[in-house]
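Asker: Here you go, one structure.
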Amino acid sequence: MKGVVVDNRLLNDKYGLMCIESPEFVKNANPGQFLMIKTQLHNYLYDPLLRRPLGICDVNLKRGTFSLLYMIVGKGTKLLSNIAKEAVISFSEPLGTPFNLTADKKIAVIGGGVGIAPMLFLTKTLYENNSVDVYYGGAEEKDILLTHVFEKYSNNMKISTNDGSVGKKGFVTDLVENIDSYDKVYACGPKPMLKAAFELVKDIDEIDFEVSLEERMACGVGACLGCIIYIIDEKTEKIKQVRCCAEGPVFDGKQIVWDTVCKEQL
Ligand SMILES: Cc1cc2nc3c(=O)[nH]c(=O)nc-3n(C[C@H](O)[C@H](O)[C@H](O)COP(=O)(O)OP(=O)(O)OC[C@H]3O[C@@H](n4cnc5c(N)ncnc54)[C@H](O)[C@@H]3O)c2cc1C
Ligand code: FES
């Protein structure tokens, strides 16, 4: 697919926000899905060779536009940050399994760092039919973005930073009080944060828990097996391998084998 970049701005020296016009993409996009985007504008340029996965941060059905919030960490995202308005950019259709949506529930949305990106589209959608509290954490002030939009589409929003520069000092999961009052928790962010969110809900059967995992991906469409994670099969109760890009990136967080997902942090 191709779309026109209608805006691309740096929010600070770490993050950019790109808005792309593509009515066809927007009409098929669901919260939790991602795309594989070509970070070079020309077909004859092959460095970086692989497209990069980014979550769908927001959509505007009326305008036929969608937004991507990206953290500049390497070559691909640096190239993205340099793309000018009106450029034509190439990307996949919406990929992956979206979040399961609910109605008339009390929801906690927990996002850490750039893991907040797919949570905006999710929060906006959930807020139409649910009560939604947003818990947003970052390492420092620069990681706390788009708060005015989250405030508009939530009943409550609480912020934390590791250095205490905005909100409460500490981890985002420490902000969550009365976990038992929630019907469902959705989370996206660094793996230790997701594991900490799992610890909050693991013993409470009444709380559903969905997470979006940002494993490193090569193909993004289930072909290369480069994004395997381990989950417990609901029926057999045995551990099985699944592809994060195809079966995920959204999973039932209570089925994930967290010690394998967090292996690089162990
Ligand atoms: C489903 C999915 C959704 C994602 N959504 C977003 C999003 O909305 N916004 C966003 O900024 N990023 C998102 N990411 C992560 C993003 O894909 C990577 O940051 C990006 O591919 C890095 O490309 P690069 O060329 O700039 O960096 P590279 O040069 O490829 O790598 C630079 C550094 O980033 C690390 N890195 C690369 N990919 C990942 C990853 N998946 N997780 C953790 N570290 C990584 C590398 O290990 C390396 O240290 C998502 C990833 C997945 C799988
Ligand atoms: S990235 Fe290739 S199978 Fe998931």
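From the backbone N, Cα and C atoms, a Cβ is placed for every residue, glycine too.
Feature table excerpt (TrEMBL):
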- G76, T77: FAD binding site (BINDING)
- C219, C224, C227, C245: [2Fe-2S] cluster binding site (BINDING)
- 110-197: domain 'Oxidoreductase FAD/NAD(P)-binding' (DOMAIN)
Asker: What other residues of the same chain, not counting C219, C224, C227, C245, have a CB atom within 8 A of the CB centroid of the [2Fe-2S] cluster site?
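Answerer: For the [2Fe-2S] cluster site the neighbour list reads M217, A218, G220, V221, G222, A223, L225, G226, R243, C244, A246.
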Asker: Per DSSP, what is the residue count of the domain 'Oxidoreductase FAD/NAD(P)-binding' (110-197) in each of helix, strand and coil?
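Answerer: So the counts come to 38 helix, 24 strand, 26 coil.
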Asker: Please go through the binding-site residues G76, T77, C224, C227, C245 one by one and keep those whose C-beta falls under 6 A from any atom of ligand 2; give the result in sequence order.
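Answerer: Passing the 6 Å Cβ check against ligand 2: C224, C227, C245.
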Asker: I'd like to know which of the binding-site residues C219, C224, C227, C245 has the most other Cβ atoms within 10 Å of its Cβ.
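Answerer: For the binding-site residues C219, C224, C227, C245, the Cβ with the most other Cβ atoms within 10 Å is C245.
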Asker: Is any of G76, T77, C224, C227, C245 (binding-site residues) within Cβ reach of ligand 1, i.e. under 6 A, and which?
Answerer: G76, T77
Asker: Among the binding-site residues G76, T77, point out the residue whose Cβ has the most other Cβ atoms within 10 Å, with all shown protein chains included in the count.
Answerer: G76
Asker: Give the three-state DSSP assignment (helix, strand or coil) for C219 ([2Fe-2S] cluster binding site).
Answerer: coil
Asker: Give the distance between the Cα atoms of G76 (FAD binding site) and C245 ([2Fe-2S] cluster binding site), rounded to the nearest whole Å.
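Answerer: The separation of the Cα atoms works out to 19 Å.
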Asker: What does the structure give for the C-alpha distance between C219 ([2Fe-2S] cluster binding site) and T77 (FAD binding site)? Integer Å is fine.
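Answerer: With the alpha carbons as reference points, the distance is 17 Å.
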